Amino acid sequence: MAIDVSNQNDDLVKVVVDVDPVPTDFERWAKPGHFSRSLSKGPLTTTWIWNLHADVHDFDGYSTNLQDISRKIFSAHFGQLGIIFIWLSGMYFHGARFSNYEAWLSNPAKIKPSAQVVWPIVGQDILNGDVGDGFRGVQITSGLFHVWRASGITNELELFSTAIGGLVMAFLMFFAGWFHYHKAAPKLQWFQNAESMLNHHLSGLLGLGSLSWAGHQIHIAIPINKLLDKGVSASEIPLPHEFLVDKTQMINIFPSFEKGLTPFFTLNWKEYSDFLTFQGGLDPQTGSLWLTDIAHHHLAIAVLFIVAGHMYKTNWSIGHRLKEILEGHKVLSVSKGHSGLYEIFTTSWHAQLSLNLAMLGSLSIIVAHHMYAMPPYPYISVDYATQLSLFTHHMWIGGFCIVGAGAHASIFMVRDYNPADNYNNLLDRIICQRDAIISHLNWACIFLGLHSFGLYIHNDTMSALGRSDDMFSDTAIQLQPIFSQFIQRIHYMTIESTAPYVSHGTSPAWGGDIVAINGKIAMMPISLGTSDFMVHHIHAFTIHVTVLILLKGVLFSRNSRLIPDKSNLGFRFPCDGPGRGGTCQVSAWDHVFLGLFWMYNSLSIVIFHFSWKLQSDVWGNVNSSVVSHITRGNFAQSANTINGWLRDFLWSQSSQVIQSYGSSLSAYGLIFLGAHFVWAFSLMFLFSGRGYWQELIESIVWAHNKLKVAPAIAPRALSITQGRAVGVAHYLLGGIGTTWSFFLARIISVN
């Protein structure tokens with residue numbers, strides 16, 4: 001049987017590069033704006049510097065060569081990784097040089113982590129608070145100490161070594177970024193080979209990465225943690241490599257190591273259940289997930305992802321073509337299904353980035369919610385300041401990524417979308433139905449907003465009139481979250497039937513016993529009531545409004561009834577003018593601008609809810625079976641009115657930051673004050689128009705001309721878009737700084 005291999009060979013994946021495509025030239029670095037024909041002419045007005053910052057990374061704004069754009073993005077990724085490695089190296093160096101890590105290891109439940117000691121130049125050493133065991137420094141809330149313990153680091157030398165390793169990796173990343181742009185740059189077809197990319201990312205990054213971490217945990221981290229849990233001093237624990245070369249060290253901790261690989265090859269895997277466990281719940285000694293459960297999880301994940309890395313067809317006869325999967329997705333044959341989407345994601349990096357940002361942002365929010373209910377690192381659950389910081393951090397990261405997804409989806413629609421190539425496919429049909437989608441989503445927002453705020457306004461009114469029996473509360477008119485309670489109940493009750501070998505559910509948050517360390521609550525069942533029901537509908541309202549703004553921006557980014565030729569105006573433009581009133585703030589960029597404010601609204605309420613709820617109903621102490629929470633359970637009684645949120649959360653809990661002056665928390669008081677100023681400063685840009693500032697500038701320039709000190713670069717007021725960008729940046733920076741200082745001063749004081 002003859003086989004024609006000519007076409008098959010054409011389909012083979014080849015790694016193709018251009019050698020020495022772009023010479024290394026440092027002279028261009030000295031010429032700001034060299035990448036743009038207009039900017040390279042130099043500044044005539046002050047607008048030039050703003051345009052320089054706005055456009056410097058807009059690779060496809062000054063080039064239409066997709067291959068060159070792809071190479072620049074690829075190279076920039078290595079640069080980003082290099083910066084991350086330097087940052088991480090700095091964290092580890094601080095841990096080695098300036099921290100109380102070894103003291104913290106000896107008593108992590110009582111001693112607070114610190115890795116920064118402020119120098120006494122003119123009294124700044126007031127910031128060095130007593131974190132325990134005689135160490136004075138700034139308390140940190142990054143969770144790094146807990147990660148280091150979980151990974152088996154026991155001394156400063158190991159931290160130093162890792163810091164040096166981080167710098168070596170940073171150098172390799174910077175070198176790779178230069179090498180793959182200037183010396184051996186991949187061709188476009190390499191960037192567009194989705195199957196190979198997915199296979200390598202699934203098997204390599206996720207599969208082998210998880211396998212490596214599982215191996216590290218089993219052979220090094222868990223044995224060291226077992227010894228620490230038994231009270232062995234960190235200085236007496238064998239060095240990591242000793243567990244690898246001396247088998248008796250491992251056999252003393254895990255007897256199954258004596259049997260070697262025999263149980264593996266004879267499929268008698270249960271023999272390994274001493275280090276690959278399936279216990280569920282939290283370790284009562286450390287308040288974290290069982291490290292042996294985590295190792296088991298990573299081993300299972302590794303197997304799944306290594307298999308998943310063989311799903312997509314490349315040079316071998318197994319797997320599927322992504323294009324065929326997408327084009328085969330025809331539902332009831334009413335449309336072309338997903339045809340055209342493969343071409344979109346392999347030619348528009350904005351479309352691909354949008355999808356990735358939406359997924360990564362959602363994942364970050366999922367991480368935030370898992371990390372407090374299922375704390376992964378030893379003793380992190382009783383470090384309330386770290387728990388609050390990490391929840392807030394992951395929520396913010398998720399919010400910014402999701403807004404970024406909307407931004408890049410809009411850029412794709414404006415710059416990369418071709419209607420002729422997408423006729424009657426999934427995307428086209430969504431665009432055709434955009435009026436129905438947006439109008440219904442708008443109705444949902446109005447419904448949620450009016451009803452959820454209506455409940456609060458009713459309660460505030462009844463409270464003011466002294467009619468507490470007519471309020472929505474757990475003690476009067478109840479609005480119990482029955483569906484949430486049902487989900488909690490089944491997660492707690494059905495463990496015996498769904499996972500008979502597990503001793504506990506995934507988290508005590510579902511129900512069961514309190515997990516406490518030295519009398520301090522790590523996690524316990526979280527009761528939900530009327531106040532939770534009410535604020536959850538505020539969450540639903542703000543999230544839906546954020547989605548409405550971003551989705552409207554995407555679906556109407558090319559055209560609308562108001563501006564049919566919007567795609568010709570680009571991603572960002574102030575108005576469709578001059579001469580057309582009522583067409584301002586309709587660009588896709590403006591939707592991102594507005595979406596950022598609503599994202600801020602959404603997340604502020606989420607992190608406020610989290611902070612108050614856990615202080616009220618979870619965090620605290622257990623003494624002789626008597627549970628005492630930080631705010632003594634006042635969430636249920638107070639969080640059902642707007643006045644309650646203002647009085648018993650914002651005002652009551654801000655006392656620590658307001659009264660922090662003269663203490664080690666005084667920096668938070670100054671940040672609280674300064675961040676309020678930054679936030680207020682933003683309103684100057686958001687409320688006033690460009691003309692006001694241009695008139696003012698011209699008066700100031702007139703005065704300079706009189707004194708013959710007029711600048712060569714003519715001052716110009718910010719454009720409308722630039723003003724909004726500066727405004728939203730300061731609004732968010734001020735808001736985040738205010739919240740950060742408010743949270744930390746409060747939680748460090750009561751932790």
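From the backbone N, Cα and C atoms, a Cβ is placed for every residue, glycine too.
Now, the feature entries from Swiss-Prot:
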- C575, C584: [4Fe-4S] cluster binding site (BINDING)
- H676: chlorophyll a' binding site (BINDING)
- M684, Y692: chlorophyll a binding site (BINDING)
- W693: phylloquinone binding site (BINDING)
- 73-96: transmembrane segment (TRANSMEM)
- 159-182: transmembrane segment (TRANSMEM)
- 198-222: transmembrane segment (TRANSMEM)
- 294-312: transmembrane segment (TRANSMEM)
- 349-372: transmembrane segment (TRANSMEM)
- 388-414: transmembrane segment (TRANSMEM)
- 436-458: transmembrane segment (TRANSMEM)
- 533-551: transmembrane segment (TRANSMEM)
- 591-612: transmembrane segment (TRANSMEM)
- 665-687: transmembrane segment (TRANSMEM)
- 725-745: transmembrane segment (TRANSMEM)
When the number of other CB atoms within 10 A of each residue's CB is tallied over all shown chains, which of the binding-site residues C575, C584, M684 has the maximum? C575
For the transmembrane segment (349-372), give me same-chain residues lying six or more residues beyond its boundaries with a C-beta closer than 8 angstroms to one of its C-beta atoms, as numbers and ranges. 60, 69-70, 73, 381, 387, 390-391, 393-395, 397-402, 404-409, 411-412, 415-416, 523, 610, 614
Quick test of the contact rule: Cβ under 8 Å, at least six residues beyond the ends. What residues does that give for the transmembrane segment (159-182)? 20-24, 71-72, 74-79, 81-83, 85-86, 88-90, 92-93, 95-97, 101, 148, 153
Tell me, if you would, which residue among Y692, W693 (binding-site residues) has the fewest other CB atoms within 10 Å in the structure shown? Y692
Find the member of 73-96, 294-312, 388-414, 436-458 that has more C-beta pairs under 8 Å to the transmembrane segment (591-612) than any other listed stretch. 388-414
Using a 10 Å cut-off, grab the number of neighbouring Cβ atoms around the Cβ of H676 (chlorophyll a' binding site), all chains included. 15
Between the C-alpha atoms of Y692 (chlorophyll a binding site) and C575 ([4Fe-4S] cluster binding site), the distance in angstrom, to the nearest integer, is 18
Pop the Cα-Cα gap between C575 ([4Fe-4S] cluster binding site) and M684 (chlorophyll a binding site) into the table, whole Å please. 21
Sort M684 (chlorophyll a binding site) into helix, strand or coil using the DSSP assignment. helix
Expressed to the nearest Å, what is the distance separating C575 ([4Fe-4S] cluster binding site) and H676 (chlorophyll a' binding site) at their Cα atoms? 31
From the Cα of W693 (phylloquinone binding site) across to the Cα of C584 ([4Fe-4S] cluster binding site), what is the distance in angstrom? 19
Between the residue listed as 'phylloquinone binding site' and H676 (chlorophyll a' binding site), the C-alpha gap once rounded to whole angstrom: 23
